[in-house]
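Chemist: Reproduced below are the annotations present in Swiss-Prot:
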BINDING   14, 15, 16, 17, 18, 19, 120, 157  ATP binding site
BINDING   18  Mg(2+) binding site
BINDING   36, 60, 82, 140  substrate binding site
C-alpha cells in the first residue's frame, strides 16, 4: 500500500476485530485504536459500567463521538464496537474516511469466543446467549454488509492469516 489509508474493522462481537486489528497495525506499521478501549480511557470505567449507568443509548452517543474523532486521523487501524454501525452517522463516516473491512463469523464461533468474557454487556442478560447473538446478527449484519469494502470470514483462522488476507486484498484493489 503506497499511501496509508485508514482501515476500519467492523463485525460482531467475537469476530476478532481487536486481535486482528492489532496484528494488522503491527504488520503495516500503523497506529491501532479500539473504540471500546478509547471509551474506557476517556471515562475511566469499563464498557459494562458505562452501559449500566448510561444505558445503551448513552454508550452509543459516546461511541459515535469517539469514532468521529478517531476517523479524522490518518493512517490508522480502528476496531469498532459491534453495535457502532447502528448509527447512520458512524456508518457514513467509516465509509467516507477509510476502507471498511467486515470481519464475518458464525454464531457458533461467537459463542465459543465470548462465553467466558464478562466484558460483553449485551450478553449479561437473562436471555440465552445464542438468542441474543442471533437477534444482533439479524439487526446488524445487513449494516456491516452495507458499508463493507471487503468481507473476510474469520472462523478457524489465526489473526496473522486474516491480517495477511486483508493486506493482500487492499494491495490488489
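The backbone N, Cα and C atoms fix where each Cβ goes, and this holds for glycine too.
Relative to the rest of the structure, where do these features sit?
Modeler: Around the Cβ of residue 157 (ATP binding site), 16 further Cβ atoms fall within 10 Å across all displayed protein chains.
Proximity of residue 18 (ATP binding site) to non-local residues of its own chain (separation of 6 or more, Cβ distance below 8 Å) is seen for 34, 36, 37, 79, given in sequence order. Taken residue by residue with DSSP, residue 18 (ATP binding site) is part of a helix.
The DSSP secondary structure for residue 36 (substrate binding site) is helix.
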Chemist: Are there any residues at least 6 positions away along the chain from residue 15 (ATP binding site) with a Cβ closer than 8 Å to its Cβ? List them or say none.
Modeler: 82, 103, 104, 105, 109, 110, 154
